[in-house]
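Visitor: Take a look at the following structure, please.
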Amino acid sequence: MTAQIIDGKNFAVALRERVAEHTAYLKQQHNITPGLAVVLVGEDPASQVYVRSKAKQTVEAGMNSYQHKLAVDTTEAELLALIDQLNSDPAVHGILVQLPLPEHIDEALVINAIDPAKDVDGFHISNAGLLATGQQAMVPCTPLGCLMMLREYCGNLSGQNALVIGRSNIVGKPMAQLLLRESCTVTVAHSRTRNLRELVANADIVVAAVGRPLFIEGGWIKPGATVIDVGINRIEKSDGTTRLVGDVDFDAAKEVAGAITPVPGGVGPMTIACLLANTVTACCRASALPEPHGLTV
Ligand code: NAD
């Protein structure tokens with residue numbers, strides 16, 4: 001049996017279309033244009049690529065994009081002052097501070113200075129708490145995209161054994177909370193977990209967010225399981241060029257799994273699409289308008 005390939009690219013295109021449609025509706029019917037502010041401190045090349053791509057897709061969806069590029073020696077106080085200004089700007093519905101920040105800036109302090117209602121990354125402690133207690137939150141983009149795809153491919157997730165590998169604040173922990181909310185039986189594995197292979201073999205759903213190339217072997221996967229591979233790892237090929245791979249050995253796993261996301265083209269494209277969706281959600285909540293169907297979970 002060969003697994004169904006979960007096409008994150010197609011999924012993201014469809015989600016971005018829904019975002020663009022609702023943005024057009026908000027403009028026409030309510031004269032409101034959702035706005036996303038992205039703050040970048042320093043010149044990290046990968047962060048610059050992410051920020052450009054986020055801004056481009058924001059504009060393509062018909063929303064306003066506000067970019068704030070700050071010098072690497074920006075002080076914490078200066079950054080907090082900008083966050084303050086964005087918090088009180090009614091044209092800004094979503095604020096994203098690109099991570100990582102330079103070492104002299106306290107990342108947690110900055111994230112927690114963002115108005116939780118504008119925290120479209122969902123990293124603010126209020127949003128983490130709201131999610132953990134089953135209340136309306138801004139849901140972190142990567143786990144949100146994973147859950148949307150899981151719901152589509154598995155239907156009702158209730159009672160399924162879900163294994164989340166990785167316990168980071170941006171992927172593993174919120175993913176586990178979302179799956180718990182879906183009534184899965186959730187196990188979280190991490191760097192100190194002893195029996196990972198057995199846990200994988202028992203899981204109907206595996207979400208891998210480790211950051212180790214091809215770490216999860218195909219033979220570990222339970223036949224028919226759904227595998228969501230969040231990992232993005234660059235490895236060198238024998239000819240000296242590089243390629244992107246996930247945390248799961250895709251070629252072997254696809255022979256066993258029921259459905260699996262590829263890398264690239266799986267979870268990655270959904271992350272920015274979910275950021276746009278969160279911005280529209282934040283805009284509707286700020287304007288006391290009903291939330292469109294399908295942009296959050
Ligand atoms: P992280 O480094 O913060 O966390 C990695 C986690 O893996 C840790 O919780 C750690 O306990 C766990 N881990 C390490 N070794 C392990 C082992 N041997 N067994 C089990 N668990 C182990 O990483 P992160 O930010 O959560 O990201 C994880 C991966 O996902 C990275 O490859 C990252 O690039 C990728 N990522 C992709 C997207 C996307 O949009 N597709 C978004 C965020 C992160």
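Glycine is no exception: its Cβ is also placed from the backbone N, Cα and C atoms.
Pasting the feature list from TrEMBL:
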type	residues	note
DOMAIN	6-121	domain 'Tetrahydrofolate dehydrogenase/cyclohydrolase catalytic'
DOMAIN	140-285	domain 'Tetrahydrofolate dehydrogenase/cyclohydrolase NAD(P)-binding'
BINDING	Gly166, Arg167, Ser168, Ile232	NADP(+) binding site
Visitor: Across all chains shown, how many C-beta atoms besides its own are within 10 angstroms of the C-beta of Gly166 (NADP(+) binding site)?
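Guide: By my count, 23.
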Visitor: So what's the mean pLDDT when you look at the domain 'Tetrahydrofolate dehydrogenase/cyclohydrolase catalytic' (6-121)?
Guide: 98
Visitor: My understanding is the cutoff is Cβ-Cβ under 8 Å with a sequence separation of 6 or more in the same chain; which residues meet that for Ser168 (NADP(+) binding site)?
Guide: Ala209
Visitor: Taking helix as H, G and I and strand as E and B in DSSP, count the residues of the domain 'Tetrahydrofolate dehydrogenase/cyclohydrolase catalytic' (6-121) in helix, strand and coil.
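Guide: Summed over the domain 'Tetrahydrofolate dehydrogenase/cyclohydrolase catalytic' (6-121), the classes give 59 helix, 19 strand, 38 coil.
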Visitor: For Ile232 (NADP(+) binding site), which residues in the same chain are close in space, meaning a Cβ under 8 Å from its Cβ, but six or more apart along the sequence?
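Guide: Same-chain residues close to Ile232 (NADP(+) binding site) (Cβ under 8 Å, separated by 6 or more) are Gly211, Leu244, Gly246, Val263, Pro264, Gly268.
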Visitor: Across the domain 'Tetrahydrofolate dehydrogenase/cyclohydrolase NAD(P)-binding' (140-285), what are the DSSP residue counts per state (helix, strand, coil)?
Guide: 56 helix, 30 strand, 60 coil
Visitor: Checking the spread of the NADP(+) site as listed (Gly166, Arg167, Ser168, Ile232): what is the longest Cα-Cα distance, in whole Å?
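Guide: Pairwise Cα check on Gly166, Arg167, Ser168, Ile232 gives a maximum of 16 Å.
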Visitor: Across all the protein chains here, work out how many other Cβ atoms are within 10 Å of the Cβ of Arg167 (NADP(+) binding site).
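Guide: For Arg167 (NADP(+) binding site), the 10 Å Cβ neighbour count is 17.
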